[in-house]
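Listed in Swiss-Prot for this protein:
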type: DOMAIN; residues: 291-343; note: domain 'TSP type-1 1'
type: DOMAIN; residues: 345-398; note: domain 'TSP type-1 2'
type: DOMAIN; residues: 455-508; note: domain 'TSP type-1 4'
type: CARBOHYD; residues: ASN51; note: N-linked glycosylation site
type: CARBOHYD; residues: ASN54; note: N-linked glycosylation site
type: CARBOHYD; residues: ASN82; note: N-linked glycosylation site
type: CARBOHYD; residues: ASN105; note: N-linked glycosylation site
type: CARBOHYD; residues: ASN241; note: N-linked glycosylation site
type: CARBOHYD; residues: ASN337; note: N-linked glycosylation site
type: CARBOHYD; residues: ASN418; note: N-linked glycosylation site
type: CARBOHYD; residues: ASN540; note: N-linked glycosylation site
type: CARBOHYD; residues: ASN625; note: N-linked glycosylation site
type: CARBOHYD; residues: ASN779; note: N-linked glycosylation site
type: CARBOHYD; residues: ASN828; note: N-linked glycosylation site
type: CARBOHYD; residues: ASN937; note: N-linked glycosylation site
type: REGION; residues: 819-869; note: region 'GPS'
type: SIGNAL; residues: 1-25; note: signal peptide
type: TOPO_DOM; residues: 26-880; note: topological domain 'Extracellular'
type: TOPO_DOM; residues: 932-939; note: topological domain 'Extracellular'
type: TOPO_DOM; residues: 1003-1023; note: topological domain 'Extracellular'
type: TOPO_DOM; residues: 1120-1125; note: topological domain 'Extracellular'
Amino acid sequence: MKAVRNLLIYIFSTYLLVMFGFNAAQDFWCSTLVKGVIYGSYSVSEMFPKNFTNCTWTLENPDPTKYSIYLKFSKKDLSCSNFSLLAYQFDHFSHEKIKDLLRKNHSIMQLCSSKNAFVFLQYDKNFIQIRRVFPTDFPGLQKKVEEDQKSFFEFLVLNKVSPSQFGCHVLCTWLESCLKSENGRTESCGIMYTKCTCPQHLGEWGIDDQSLVLLNNVVLPLNEQTEGCLTQELQTTQVCNLTREAKRPPKEEFGMMGDHTIKSQRPRSVHEKRVPQEQADAAKFMAQTGESGVEEWSQWSACSVTCGQGSQVRTRTCVSPYGTHCSGPLRESRVCNNTALCPVHGVWEEWSPWSLCSFTCGRGQRTRTRSCTPPQYGGRPCEGPETHHKPCNIALCPVDGQWQEWSSWSHCSVTCSNGTQQRSRQCTAAAHGGSECRGPWAESRECYNPECTANGQWNQWGHWSGCSKSCDGGWERRMRTCQGAAVTGQQCEGTGEEVRRCSEQRCPAPYEICPEDYLISMVWKRTPAGDLAFNQCPLNATGTTSRRCSLSLHGVASWEQPSFARCISNEYRHLQHSIKEHLAKGQRMLAGDGMSQVTKTLLDLTQRKNFYAGDLLVSVEILRNVTDTFKRASYIPASDGVQNFFQIVSNLLDEENKEKWEDAQQIYPGSIELMQVIEDFIHIVGMGMMDFQNSYLMTGNVVASIQKLPAASVLTDINFPMKGRKGMVDWARNSEDRVVIPKSIFTPVSSKELDESSVFVLGAVLYKNLDLILPTLRNYTVVNSKVIVVTIRPEPKTTDSFLEIELAHLANGTLNPYCVLWDDSKSNESLGTWSTQGCKTVLTDASHTKCLCDRLSTFAILAQQPREIVMESSGTPSVTLIVGSGLSCLALITLAVVYAALWRYIRSERSIILINFCLSIISSNILILVGQTQTHNKSICTTTTAFLHFFFLASFCWVLTEAWQSYMAVTGKIRTRLIRKRFLCLGWGLPALVVATSVGFTRTKGYGTDHYCWLSLEGGLLYAFVGPAAAVVLVNMVIGILVFNKLVSRDGILDKKLKHRAGQMSEPHSGLTLKCAKCGVVSTTALSATTASNAMASLWSSCVVLPLLALTWMSAVLAMTDKRSILFQILFAVFDSLQGFVIVMVHCILRREVQDAFRCRLRNCQDPINADSSSSFPNGHAQIMTDFEKDVDIACRSVLHKDIGPCRAATITGTLSRISLNDDEEEKGTNPEGLSYSTLPGNVISKVIIQQPTGLHMPMSMNELSNPCLKKENTELRRTVYLCTDDNLRGADMDIVHPQERMMESDYIVMPRSSVSTQPSMKEESKMNIGMETLPHERLLHYKVNPEFNMNPPVMDQFNMNLDQHLAPQEHMQNLPFEPRTAVKNFMASELDDNVGLSRSETGSTISMSSLERRKSRYSDLDFEKVMHTRKRHMELFQELNQKFQTLDRFRDIPNTSSMENPAPNKNPWDTFKPPSEYQHYTTINVLDTEAKDTLELRPAEWEKCLNLPLDVQEGDFQTEV
């Protein structure tokens, strides 16, 4: 019944249409869409139903990237008489696009206007549409013309790269038929295709002529039967069945072509009136295809749609028991017409371009609109707003002064008669170059009162006077006078003066006013804190620049950086004006090359990096205009233009522009506008792309992905960004941010929603630095991740799908991270703000946060930033700094006091260096505390910083000076006054030079800031301290290594004598040290040991103090520059206190010299005769005597019974080996022996070389002493011993000495001039004794020692000498006690038995030294630093001699001349002497001539008894000075 009802309704509506007008049929429309077909043939009457004026026929290309559609139109003469056929192609099946295409009349082919019978067309886009158009005067319904059935269309889908054999055969058939019909005219048969080669005869294809005819009026659907017809070679599973199953029996209505007539299964219009005819055709079709083996057709299926034009399908099966194939199709479809019209919903058209700003200056508004296609047949209207507004800001408008409201009228000026009333108004201040208010500021009018009596009347008030002060409250006044008072009348009531306050604002203090400044070629005038100062922009820009004067935390006014947000460069301004002019003229054609050129120019400008903050806003405005122009012109930018666009965005978002963005966004939030521009541009690019096409854009700061996806093709979730993509930038490849877009977001809920809009443009953008330039949020909330954007057009309908977003944190230490998205509907200015609505935080840890969001937007992570601890300046340093600096200073001051008390004992270069070092540290600590309280005073802070810089460097340099001094001491370098001056230059001069250079170059800029009094951490000024300090540490390490190498390596000592002694240092008690504190008795082995000890102490001091010093000053710098951290202050206090304690321990408590000096101080070790004993010792050192040394000293003084002063001179006199002279005295008066006498202190020394006798029992005369003929072979290995003699033998010395003998190493004995008392003995005048009066004073007897001479040390354990014993002619000899040395051959030989018998009773003056013997081993090897004290300054390290020597014990009587004149004949007695090694040897020296026979007696003295010791010593060197 329902079908009958629909049929009756259809017939009735057709009847009404025929009866009441034909013209109404012109409003009917129909459309046909053919897809999934590779070949077809349709007649015009089949394609367009009769009497339908607005019909289209559309063919869809399966894949435009692979296939092309070839169209052939066979035209008859009368087929196009009543209408026109238009053919065109397009990519998107959109009514708006088609209307726009028809309106432009671009690329539309008029098929009926062709003069040829055949028209060939080729198309490569998604859709081909043929439209039948009737003229405007079309009369209405017409009969069907037979020519319409003869004119038909053929189309072919052909592979572009490898065409199939079937396709080429069809093309060649078209060409063959065209050539036949045109009688060989080839110009009208042009088919532009080169992949196919047509044979000369069609039979070569292997297809008969009958099959060629079957290609007309047939449709081949794309199914399993025809799948192989699209490929060049058939696969095993493919067939190309062109067949007789599509053949149809001849039918006159459809035209006869050969033996058969083939009819395509065409779609029909919903308004076609031939329903019965269709049913008849179907019946005939079923009958004529009912061959044996083929079952009957099934019933037609239900119509695919409930409204509008749909389709019906029926099928049949083939039963062929004999193995034959069935002919004809097995599936058939037809168009079903449903009378119910489908509702057409209202559709928004595209947004119109943004209008120009509503105002040319100031805050304006831009508007865009869109229109809605009205709904039909009950469709829904359009949803959403019709207009859209957004703010715009081009430039600041000049603000003119505006009058405020008038005040109320004042009281009448008089109380009687006519007076006046006044009122005034205020004018607001003009800004940005605006004009002042125009017009009067006051008005007056008359007022009428009763007539006055004879009393006085007030005149009008005068004007207010100027304010007495400009600030801090002043006063202004006005006056009036009283007139008209009669004699009997009354005076005016009231007062004639009125006063009021003015200028009540507080005057700024001098430190609250920013001084005049010159910056960036602009002069900034004095401005109170809180105000803005304005200036013109630089010459290359237009606009105004501003600079704010603000107060610091300490209440001091200071200039901020200038703001260039209103400055626009001339190049940017010119580019902006050129675009606005084109937009105003409406030149759409500029969208092509014009906009591309604009982006290239803007790219060049942004790559220069020298733009202002205002240029950023102009660049965003230019990009907005370019995007709007592309949208308006429907222009698709080229790939180069797209890349340039995103490169411009990357340049604008560079991290270097962070400060410029912060400055620019104080006027307008350009970063938010930039995000919106990028989204719009992405969709413009995406709409111009083909399906399944994607574009990946990668720059230094932006990664973007643009994809065009049909909804049905999205089978998996989409991930962004793609880490493994080729060419991915490093920061995006290493990024841990990602977003997962679910596939369900593209899939509609039901298949009924699939329409032409089911193709989506997906855009995703990852910004690297956008979080840095977004507007600052309140409540210490910051963007703590990269910003990622996901956008899809058209927007998908709301689903239950969630976007999975995972973002990595940028900063550690933030609190409460949470997910947000950008919501532009919550802001009053249409710019938007961050919102948590629609986004929830799923999982968060210390480095990542995972979110689930139900909408598309811009996503990020917000977190709470910990609040900074602001430490207010209290005007006093912290307690920690005070404690640390105080303890360090206390320790160093204690050290200085100790050194001052013991200075006479420990004065040396090392002590002077230490005092200077302590002074630099104490000064640094004091300046650190001062700098903490003077940050508000710039001049004092700058001065404090400069001195702090100086003393910090000085402390490092004095450590280096100590290392240098140790190195020179170890290597034995001579240190003169010039060298000591270099110590001062290194310790104080080098830091002063560095600081002066730094201050000169920087002009004190950076010396002190608003927060601390130290070198600024910006600009590299800190390297003025770090660089020299690091260099000092490096050099100190090198010197330390060299010193250590010298101390541990004997081969490292170049000096022969030092090297020899270095070999003896392995035995610490190898020698005996004799120190007579007042007579200058010292040991030669003491120098090397003491020098090494001091060097090791200095080396250990450098290794400990220098790292501690570096740690202390490093923590001091951190404590001064970062007051918020208490850790650095604690570290400084610990290191600084430890530094002072270590210095006191190393240089005071553990230093041996200080210990000895302190003991001596407690024992009052001072000369009782001369309190000032410092001049008696080398280099001002007070010799600290041990018990043994005191015994020697007491013995010496008990005999002398007088001042030891002369002995001191003799002590100095005895230093003859390479002493250090004054630097202001040059060596002069050098004798032929190479020894300078005039320069020695006292000028009393000369020497005589006395040859050693070969035999011990042979007497020695003065003639033998004066014999200069010395054998070279005997002198090469000899050693020397010096004895004080008189000056009258100086000539003899000169004759004896030879040049080669002067260079020999020598040992010395210095005899004092006044230390021995000599008296002649009247009883023994005939006896020849050596007396000090006959023996020349102040002379040195130089003895040559035979290297072969040896002594037996055990024999001399006990030996006493008697000066009263008479000497025999040859047996009794002058005996000398010798000490055995392994390094030196002893030079005395005699029969030990003759002298061993000497007893202590024979010599009354012999003193037993048993107490000294008991302590002999204790003081056998005491090392000391030998220094000399000259008449102008202290001498430096004294280089000792490297020779073994023995001390003369006493002199005896000299044998007579007769005994001495009997030498061995023909032989030198010295040459024949062969001493036995088992005896202790003595040498008898005949000093005087035979003519000098004065009998002298050499009395034993106390000091001689000190020396008369059986010294049992081992290998070692020592030198005794008396």
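Keep in mind that glycine also has a Cβ here, set from the backbone N, Cα and C atoms.
Cα-Cα distances to ASN105 (N-linked glycosylation site) place none of the glycosylation sites ASN82, ASN337, ASN625, ASN937 within 10 Å.
Here the Cβ of ASN418 (N-linked glycosylation site) has 13 other Cβ atoms within 10 Å, regardless of which shown protein chain they belong to. Secondary structure at ASN54 (N-linked glycosylation site), as computed by DSSP, is strand.
Looking only at the glycosylation sites ASN82, ASN540, ASN625, ASN779, ASN937, the one with its C-alpha closest to ASN54 (N-linked glycosylation site) is ASN82.
Considering only the glycosylation sites ASN418, ASN540, ASN625, ASN937, ASN337 (N-linked glycosylation site) has ASN625 as its nearest partner by CA-CA distance. ASN337 (N-linked glycosylation site) carries neither a helix nor a strand DSSP state and counts as coil. Distant neighbours of the topological domain 'Extracellular' (1003-1023): 552-554, 556, 558, 930-932, 934-935, 938, 941-942, 944-946, 948-949, 1117, 1120-1121, 1123; these residues of the same chain sit at least 6 beyond its ends, with a Cβ under 8 Å from one of its Cβ atoms. In space, ASN937 is the closest of the glycosylation sites ASN82, ASN418, ASN540, ASN625, ASN937 to ASN779 (N-linked glycosylation site), judged by Cα positions. Working note on the glycosylation sites ASN54, ASN540, ASN625, ASN779: by count of other C-beta atoms within 10 Å of each C-beta, ASN625 ranks first. In this view, ASN337 (N-linked glycosylation site) is surrounded by 20 other Cβ atoms within 10 Å of its Cβ, with every protein chain counted. Counting other Cβ atoms within 10 Å of each Cβ, the glycosylation sites ASN82, ASN105, ASN937 show the lowest value at ASN105. Ranking the glycosylation sites ASN418, ASN540, ASN625, ASN937 by the distance of their Cα atoms from the Cα of ASN82 (N-linked glycosylation site) places ASN625 first.
You'll find the Cα of ASN540 (N-linked glycosylation site) roughly 38 Å from the Cα of ASN937 (N-linked glycosylation site). In this structure, the CA atom of ASN625 (N-linked glycosylation site) is 53 Å away from the CA atom of ASN937 (N-linked glycosylation site).
For the topological domain 'Extracellular' (1120-1125), the number of residues in each DSSP class (helix H, G, I; strand E, B; coil) is 2 helix, 0 strand, 4 coil. Only residues 6 or more beyond the boundaries of the topological domain 'Extracellular' (932-939), in the same chain, are considered here, and those with a CB under 8 A from a CB of the stretch are 511, 554-556, 873, 875-878, 881, 1008-1013, 1120. Looking at the domain 'TSP type-1 2' (345-398) alone, the prediction's average pLDDT is 85. Counting in whole angstrom, ASN418 (N-linked glycosylation site) lies 65 from ASN937 (N-linked glycosylation site) by their C-alpha atoms. Mapped onto DSSP helix, strand and coil, the region 'GPS' (819-869) counts 0 helix, 27 strand, 24 coil.
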